[in-house]
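Take a look at the structure set out below.
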Amino acid sequence: MEYRKIKDEDNDGGTLSNDIENLRGIGFSGVASVSNVPPREQAKWKRKTVVTVALTFLTSSQAILIVWSKRAGKYEYSVTTANFLVETLKCALSLAALARIWKSEGVTEDNRLSTTLDEVIVYPIPALLYLVKNLLQYYIFAYVDAPGYQILKNLNIISTGVLYRIILKKKLSDIQWAAFILLCAGCTTAQLNSRSDHVLQTSLPGWIMAIVMALLSGFAGVYTEAIIKKRPSRNINVQNFWLYIFGMAFNAIAILIQDFDAVMNKGFFHGYSIITTLMILNHALSGIAVSMVMKYADNIVKVYSTSVAMLLTAVVSVFLFGFNLTLAFFLGATVVSVSVYLHSAGKLQR
């Protein structure tokens, strides 16, 4: 392996004797010195490692922070204000990224914020879908625990795949359809409950909310991708900025409708704690981490992050919330992990 690597590197004029000398210099231990790895490759692997760890940490801690932010089984803070701050923070991060681009590249037609009505008018639809989905994310924990939530939210893979087929006319491979069946089986297995009269740990309202969230997430994701690909040269931070602006607007309306009296009487930040602040920061950074995965890593990183996050959430929940880690949950999580991997592998065979 080392000889082949060195031979390839010295292919432009290197000789066999030079290759042998290089091989002797490295030694026969089978491990090359880190100094022989090109700096560009080192930087690439460092970025990929950081992104993988960050996405795994953010994904696994998301459900934990939501549950942990509750006091006596309820949220003391307004979930609509928390959601508003998430959108505001994401908007600010997009602006900060744009500021760096403007400083280094200047303002161009593709990265300027000024736009037309035809371009902006499409963003309210996914923004509204994400609003409903994100609010349901808080209320579903009345029916499901953090590990169960991590399992059930993988249902959005099915909704996304089906909507890809219907809206974007993308053909799904046989492996992907098989992965969908495995995913359903894994989610059901993980929810099996042998300690009560109920077959499943999650009640019917919890399943309905999980399915609705999956449909909303899938449709919003596919619709957003269609918007982005409609003008691929447009800077992604500009597109995110307008999506988050409408997200802020819809969340402001939600505050007026749902929590106006509470905000006026108790204050905007009533009931906030360090955990609440960490939860808001987590939600905002999760979206940024997914974007970084697409840019610096690959789809397999998302697969591993999702799989590891399910197990990490379960283990942490054992200590924080007294979660009972059953064999059914472990087997179900394993089947879900395999199905996510097969779905990812199926993309390569289309």
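Backbone N, Cα and C atoms are what each Cβ position is placed from, and that goes for glycine too.
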Transmembrane segment range according to TrEMBL, out of 50-69, 330-349: 50-69
So are the transmembrane segment (240-257) and the transmembrane segment (50-69) touching or not, going by 3+ C-beta pairs under 8 A with a sequence gap of 6 or more? no
Range from 81-99, 120-141, 147-168, 204-228, 269-291 with most C-beta pairs under 8 A to the transmembrane segment (50-69): 269-291
For the transmembrane segment (269-291), the candidate among 81-99, 120-141, 147-168 having the most Cβ pairs under 8 Å is 81-99
Given the cut-off of 8 Å on Cβ pairs that are 6 or more apart in sequence, determine whether the transmembrane segment (175-192) and the transmembrane segment (147-168) share at least 3 such pairs. yes
